[in-house]
Structures are given as C-alpha cells and as structure tokens.
Amino acid sequence: MSDSGGGSHKSSTTKPSVFGLNLYLVIAICSVFILLISLLIFLFVCLNRVSRARRMRVKHSSGSIPLVSKEISEIKTVGKFINSDDSKGKIGNEVVVVVSATSKEATSGFDTLSVASSGDVGTSEAMGWGKWYSLKDLEIATRGFSDDNMIGEGGYGVVYRADFSDGSVAAVKNLLNNKGQAEKEFKVEVEAIGKVRHKNLVGLMGYCADSAQSQRMLVYEYIDNGNLEQWLHGDVGPVSPLTWDIRMKIAIGTAKGLAYLHEGLEPKVVHRDVKSSNILLDKKWNAKVSDFGLAKLLGSETSYVTTRVMGTFGYVSPEYASTGMLNECSDVYSFGVLLMEIITGRSPVDYSRPPGEMNLVDWFKGMVASRRGEEVIDPKIKTSPPPRALKRALLVCLRCIDLDSSKRPKMGQIIHMLEAEDFPFRPEHRSNQERSK
C-alpha cells in the first residue's frame with residue numbers, strides 16, 4: 001500500500017519535458033532563436049537599403065549634395081575650372097541656386113526654392129550663390145569646431161573661424177537643429193541673400209549640407225573686427241574708440257545695407273532682426289548687416305505679411321509686436337532704436353538702470369522733449385559732436401520710431417537725412433527768409 005502510494009506521488013510531481021528537456025528551457029531556446037532570426041532579417045533589410053542608396057548616388061552624380069528639404073527640389077554640383085594665380089588647375093564645386101517664387105508665394109514665407117546647375121562660368125556667377133563645402137573640409141578648417149575657433153554664439157547656431165589650406169578665412173555658422181530650425185534658417189538665408197552682393201551686407205560664400213549627420217552650415221565672408229554690440233557695451237575703457245564720426249559712419253553703412261534690401265531687390269527683403277550684435281565691423285569701421293535667419297520676402301503688390309512675431313526684445317516695432325503684421329517699416333523702427341543705441345551707448349532695455357531709464361526709447365523721447373538732447377550722448381565719446389549734427393541724428397531717431405508706421409521714412413530717405421548737412425533745419429531756414437522779406 002505504502003509503495004504504490006509513493007509511486008503515485010512521484011509520477012504526479014514529474015515536470016513536463018520535450019525530448020528529455022525541460023519545457024521552459026525549450027521555450028527559452030526557441031525565443032532566442034526567433035529573436036536572432038528577426039535581427040538577421042532587420043540587418044539584411046538595412047544593408048540592402050544602404051546599398052541601394054549608394055547605387056542611386058553613383059548613378060545620378062558622384063558629387064551630389066543631400067537634399068535640404070521638400071522645397072529644394074534638386075541640387076547638383078558642377079565642376080568649374082578655376083583659373084587664378086592662387087589656384088591654377090583646381091576644380092571647384094559650384095552650386096547654382098535659382099529662386100522661383102511668385103510674389104504671393106514669397107510673402108507666405110519662402111514657399112519654393114529650386115536649384116539648378118550650369119557649366120558656364122558666367123551664368124554660374126550670375127545665377128549662383130556660392131560653393132559647396134564638405135563637412136570634412138569645414139572640420140579641418142575649424143580644427144574640429146574647437147572652442148578656440150568659436151567667434152560667436154546665438155539662439156540659432158554657433159559661429160566658428162575657418163582657416164582654409166589656401167590661406168583664405170571664412171566664418172562658418174553651424175545651425176542648431178532645434179525642431180527643424182536649422183532646415184528653416186538654411187532655406188531662408190539662401191533665398192534672402194543667396195544672390196545678394198552689397199558692401200554693407202555680409203556675403204554668403206557657400207554652404208554645407210550633410211544629411212547623414214543632420215548638419216546644416218552656412219559659410220560667410222570673415223569680418224575681422226567683431227560686432228557693434230561688443231564695441232558699444234564691451235569693456236573698451238573710459239574712452240570709446242568709436243568716435244562720433246565713426247558711429248555715424250556705422251549708422252549710414254547699416255542704413256545703406258537695409259535700403260538695398262528694401263528698395264534694391266524684388267521681392268524686397270525684410271530683415272526682421274536689426275540689432276547691434278548683427279552689425280559686423282571691419283578694421284576700417286565699415287558696417288555689414290548679418291544674420292538673415294528671420295528674414296521675410298515681401299512682394300511689390302503686398303503691403304505686409306502676417307507672421308509669428310519674432311525678433312529681439314527692445315528692437316521690435318509696436319505694431320508688429322501687437323498684430324504680427326510685418327513690412328519694411330518694422331526694420332525702420334528697429335534701425336531707429338539701433339541709432340539711439342549708437343548715440344547713447346545704452347542697451348534698448350537695461351534693468352540695471354532706474355525705472356524711468358530702463359526702456360531706451362521712452363527715456364530718449366523724454367530727454368529730447370525736455371530739451372536735454374545733449375545729455376543723451378554716450379559719456380565715452382571724448383569729443384562731443386557739433387550741435388547741428390546731434391540735432392540731425394536725434395531727429396532721425398524720432399522719425400524712425402514714430403508710432404504711426406506710415407509716417408516713418410524709407411531707408412533711402414534716412415541715408416539722405418544722415419548725410420545732408422542742412423536737412424533738419426530747412427523749414428526753419430525758409431521761415432527766417434520769409435520773415436526777412
């Protein structure tokens with residue numbers, strides 16, 4: 001009885017098995033096997049896609065550039081023989097960009113951007129905007145994008161000095177790809193200033209678009225004397241090297257650059273971020289407007305474009321800030337604030353100052369209204385300007401920041417105001433003549 005009971009107990013506790021192996025062990029082995037098979041299939045598919053992509057690149061062009069966006073439909077490189085003393089016999093990759101946006105499309109924010117190629121040198125220079133740089137080229141020129149080569153940093157990217165093997169120097173902006181911002185700014189700058197050449201605008205030399213690394217970089221001419229913000233607000237000692245005449249030269253140069261964008265192009269370009277840090281200076285204090293990442297195109301038949309409010313606090317015009325309606329008048333307002341900054345040496349908004357002086361525009365208007373205009377001059381200017389020159393500059397500031405945007409002058413008129421010796425005093429001069437009669 002006891003033996004049969006014991007045998008019965010043994011048989012009931014025996015674990016299930018397959019081919020003498022524990023069932024759970026068999027399941028584990030099968031799971032690992034299935035996982036390995038799935039991994040092999042996945043690797044095979046990936047390798048197949050990479051191989052197919054390589055074959056397509058070789059088939060179309062061994063020097064093709066990765067596509068930038070859906071709007072940039074085609075990019076080709078063309079070998080161009082460079083016949084110069086410095087680079088005889090070299091082949092350069094030139095990228096030719098043709099902007100094909102109607103005015104309506106342009107006002108909506110750079111809807112179309114097509115790229116074509118040309119083997120003709122003259123046509124390439126007339127239609128194109130710069131050279132294609134490989135990521136490796138720029139890594140070498142910037143010493144691996146080292147901190148020692150970093151010359152600027154902002155919300156949309158980091159700027160590095162690039163020293164190329166041929167002795168040329170450039171500034172490389174590595175765009176930060178926050179929520180696709182690099183792609184947007186890349187396209188905006190190409191459309192805005194890709195074909196523009198003006199002595200008061202920073203020249204765009206070329207670009208780098210590396211899809212594998214998700215890199216978008218813009219290559220500009222190198223301006224070797226920093227920006228206006230550094231010279232106005234940096235530690236330059238008790239006496240600023242920016243004399244009154246130099247400051248007016250910078251202001252006029254900036255105005256000429258903006259006037260070209262507004263009045264010399266079709267469609268016109270609204271910069272949308274005019275400020276002291278975006279005014280670069282060379283050793284002769286020539287001003288060059290830079291950073292077109294927020295720029296908008298405005299067709300001739302359109303008086304404004306409605307867009308999300310962007311810019312820098314203190315420089316943004318009140319009508320744009322409140323309605324989102326943008327046109328060149330917004331740049332004029334920003335220039336007026338910039339001119340105040342040049343004259344006073346003060347930032348547009350400075351929370352370290354007393355409450356009545358925090359906002360530059362309000363303080364400036366109050367000082368001029370109370371006939372204390374001579375007191376607004378930057379104390380770091382050693383030699384004060386002639387009274388007529390000061391009055392002329394003050395008048396330009398006030399006209400640029402008129403709350404009625406339609407009453408603000410055009411940039412071309414501003415240039416005339418700043419350069420014409422007798423502009424602010426013509427009405428007074430006429431009235432004196434009338435009284436003498």
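For all residues, glycine too, the Cβ spot is worked out from N, Cα and C.
As annotated by Swiss-Prot, active site, proton acceptor applies to Asp273, with the evidence given as sequence analysis. The Cβ of Asp273 (active site, proton acceptor) has 23 neighbouring Cβ atoms from other residues within 10 Å, across all protein chains displayed.
As annotated by Swiss-Prot, ATP binding site applies to Ile151, Gly152, Glu153, Gly154, Gly155, Tyr156, Gly157, Val158, Val159, Lys173, with the evidence given as sequence analysis. When other Cβ atoms within 10 Å of the Cβ of Ile151 (ATP binding site) are tallied across all protein chains shown, the result is 17.
As annotated by Swiss-Prot, domain 'Protein kinase' applies to 145-426, with the evidence given as sequence analysis.
Swiss-Prot lists Tyr220 (among others) with the feature phosphotyrosine, giving similarity to another entry as the kind of evidence. If you draw a 10 Å sphere around the CB of Tyr220 (phosphotyrosine), it holds 23 other CB atoms from the protein chains shown.
The phosphoserine annotation in Swiss-Prot covers Ser277. Within 10 Å of the C-beta atom of Ser277 (phosphoserine) sit 18 other C-beta atoms, taking all shown protein chains into account.
The annotation phosphothreonine is assigned in Swiss-Prot to Thr307 (among others). Summarising the environment of Thr307 (phosphothreonine), the number of other Cβ atoms within 10 Å of its Cβ, over all protein chains shown, is 17.
Listed in sequence order, Asp273, Lys275, Pro348 are the same-chain residues six or more apart from Thr312 (phosphothreonine) with CB atoms under 8 A from its CB. Annotation note: Thr312 (phosphothreonine) sits in a coil segment as assigned by DSSP. The annotation phosphothreonine is assigned in Swiss-Prot to Thr312 (among others) on the grounds of similarity to another entry.
The phosphotyrosine annotation in Swiss-Prot covers Tyr320 (among others) and is backed by similarity to another entry. Under 8 Å, Cβ to Cβ, and six or more positions away along its own chain, Tyr320 (phosphotyrosine) finds Val309, Gly311, Leu326, Ser330, Tyr333.
Marked as transmembrane segment by Swiss-Prot: 25-45.
Taking only the Cα positions, the spacing between Thr307 (phosphothreonine) and Ile151 (ATP binding site) is 31 angstrom. A strand conformation is recorded for Ile151 (ATP binding site) in the three-state DSSP classification. Cα spacing between Tyr220 (phosphotyrosine) and Ser277 (phosphoserine): 16 Å, rounded to the nearest whole number.
According to DSSP, Tyr320 (phosphotyrosine) is assigned to a helical segment. Of the recorded residues, Ser277 (phosphoserine) and Gly157 (ATP binding site) place their C-alpha atoms 14 Å from one another. A simple way to gauge crowding: the CB of Glu153 (ATP binding site) has 12 other CB atoms within 10 angstroms, across all the protein chains here. For Val159 (ATP binding site), applying a Cβ distance below 8 Å and a minimum sequence separation of six or more within one chain yields Met150, Ile151, Gly152, Glu153, Ala171, Val172, Lys173, Asn174.
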